[in-house]
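The active site, proton acceptor annotation in TrEMBL covers Asp380. Residues or ranges marked as active site, schiff-base intermediate with substrate in TrEMBL: Tyr465. Under the heading domain 'Copper amine oxidase N2-terminal', TrEMBL lists 62-147. Sequence annotations record features per position, and here TrEMBL assigns domain 'Copper amine oxidase N3-terminal' to 165-262. Residues annotated as domain 'Copper amine oxidase catalytic' in TrEMBL: 309-625. What TrEMBL records for Tyr465 is 2',4',5'-topaquinone.
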Amino acid sequence: MNLKVVLVFLALSVITVFALAYVLLTSQGSSSQPPRCPSVSYSAQPWTHPGQSQLFADLSREELTAVMSFLTQKLGPGLVDAAQAHPFDNCVFSVELQLPPKAAALAYLDRGSPPPAREALAIVFFGGQPQPNVTELVVGPLPHPSYLRDVTVERHGGPLPYHRRPVLGTESAQMWKHLKEVELPKAPVFLASVFNYSGSTLAALHATPRGLRSGDRATWIALYHNISGVGIFLHPVGLELLLDHRALDPARWAVQQVFYLGRYYADLGQLEWEFKAGRLEAVRVPLPLPVGASSLRSRVSPGPLPPLQFSPQGSRYSVQGNLVASSLWTFTFGHGVFSGMRIFDVRFKGERVAYEVSVQECVSVYGADSPKTMMTRYLDSSYGLGLHSRGLVRGVDCPYQSTMVDIHVLVGKGAVQLLPGAVCVFEEAQGLPLRRHHNHLQSHFYGGLAGSVLVVRSVSSVGNYDYIWDFVLHPNGALEGRVHATGYINTAFLSGGEESLLFGNRVGERVLGAVHTHAFHFKLDLDVAGLKNWVVAEDVVFKPVAAPWSPEHQLQRPQLTRQVLGREDLTAFFLGNPLPRYLYLASNQTNSWGHQRGYRIQIHSPLGIHMPLDSDMERALSWGRSK
């Protein structure tokens with residue numbers, strides 16, 4: 001064939017291939033890419049009051065500084081920075097927002113009344129007075145305070161004795177200094193031989209409460225191997241000391257008892273004498289190497305990256321200060337220094353459904369055969385659920401596209417602290433459709449709606465545990481509060497045989513994962529279609545009925561039973577008593593079909609374990625009696 005003819009055919013073939021490819025790529029036929037959905041603009045719900053966030057916003061750095069300056073002026077020159085305060089000093093322990101009365105807040109939000117005064121609540125330790133005490137003061141109005149008001153008796157029913165104060169960082173440091181410099185030197189041979197102690201290889205963990213009766217301030221302190229860069233919680237050595245630190249002068253503190261391997265001693269001197277005399281059976285617990293210590297560091301090379309979430313059209317919510325708005329939801333959030341995360345004025349499609357949803361407390365009760373562990377009843381708000389919320393990490397703690405929010409606090413020291421990344425806000429794909437149906441009867445169709453939620457999150461790292469707090473707002477109007485516990489378990493030294501396993505499981509060579517409980521207290525203040533709400537309990541019962549079309553046959557027909565719980569005490573369902581199948585908060589307004597508008601209250605958490613009512617400590621946890 002002529003070369004020119006071949007080249008012509010080759011050129012025509014190439015042109016044909018390109019033409020077909022172009023048609024296939026640009027065609028809108030059945031075998032092509034589906035048409036793109038039109039872009040949608042998501043408009044956020046408007047704020048009815050631009051300044052409403054100030055009602056519930058945490059105090060700013062400037063406000064905290066103004067309150068401290070005012071207190072220093074009013075309380076006199078004897079006020080000491082809490083970061084350097086001794087038990088015998090006067091100091092400001094904490095300053096945070098004093099929440100406004102609900103009636104005044106709603107009058108401002110709903111009826112245009114003047115806003116309530118913005119105030120702060122200060123907790124002051126008066127250790128330098130003839131009668132040392134703890135006093136709570138309301139300071140206002142902010143940002144320029146001019147008055148303070150003592151609310152201690154109003155809030156607590158009487159004065160607060162000084163022994164009830166939380167332990168400052170300086171007191172904790174003085175306790176460890178006393179042990180290192182006064183007590184541990186009494187047993188040098190024992191400590192070096194059994195624990196390889198060199199002066200810096202042990203660390204302390206405290207039990208709370210600090211005593212068995214009112215007025216006590218004596219703490220059981222357990223010693224653990226101090227390994228840099230890893231959690232100490234899984235490395236107990238078995239030695240525990242009861243330190244009495246009630247005296248305002250640390251020079252008068254003293255160890256009252258020592259516990260080791262199931263036996264109690266008067267002090268470390270007695271323990272040392274028995275060890276050197278060969279009368280003490282010791283278990284050597286050498287300091288583990290960092291590579292062999294329990295750690296969150298991975299011992300294997302990282303694998304492929306996990307899947308990520310992203311918003312193809314950008315965030316569908318906005319955050320302005322402490323205001324969060326989406327196309328469906330609006331709310332404001334805050335962060336109590338002690339109680340942690342809280343949200344206010346929660347509205348769905350512009351209508352308020354909750355005035356406040358907040359964390360109040362979390363409790364852990366431990367058991368083991370060691371005094372520190374069997375004594376432990378942690379009320380974590382006393383350590384500061386809000387204070388210990390910081391440093392959320394994108395891609396792990398929150399999705400990469402989250403909005404991170406910093407918070408300022410003033411607690412435990414006289415200067416304002418910045419908690420970077422204490423709160424994150426994000427939208428989360430649920431991985432399940434909110435609703436869907438694929439019909440195969442008669443007509444054939446499919447309809448579905450992707451499920452996503454709006455989440456506000458903080459994480460409280462209190463000692464060994466990290467509590468992940470979420471408030472989740474669903475597109476169908478549901479509002480969810482949830483908590484996840486992670487971090488490290490709290491352990492005790494495994495000193496006995498099978499009897500020790502009554503209190504947990506073995507998790508190391510000489511380590512017991514101690515049995516314990518968790519209980520979480522949330523506050524839920526719902527306002528459904530107004531303030532006039534009541535609780536309705538519904539259940540389902542089967543009733544026999546003769547079939548109308550065949551009276552000789554009987555059916556078991558389910559039907560609803562309904563009971564209005566007219567008093568608040570009727571809505572407290574004690575542990576051990578079953579909850580109604582359906583429990584909801586009803587309003588006096590009705591929907592289009594005449595049914596009362598309301599919100600169902602649904603509890604997914606497992607049945608809790610509450611301390612026996614005859615316990616001396618039960619009154620401090622009395623909210624746990626009901627669910």
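Cβ coordinates come from backbone N, Cα and C, glycine included.
Since the structure is predicted, the reported quantities are computational estimates derived from the model, not experimental observations.
DSSP assignment over the domain 'Copper amine oxidase N3-terminal' (165-262) gives 32 helix, 29 strand, 37 coil. When averaged over the domain 'Copper amine oxidase N2-terminal' (62-147), pLDDT in the model lands at 95. Here the active-site residues are Asp380, Tyr465, and the one whose Cβ sees the fewest other Cβ atoms within 10 Å is Tyr465. Secondary structure at the residue listed as 'active site, proton acceptor', as computed by DSSP, is helix. Between the alpha carbons (Cα) of Tyr465 (active site, schiff-base intermediate with substrate) and the residue listed as 'active site, proton acceptor' lies a span of roughly 10 Å. Helix, strand and coil content of the domain 'Copper amine oxidase N2-terminal' (62-147), in residues and according to DSSP, is 24 helix, 27 strand, 35 coil.
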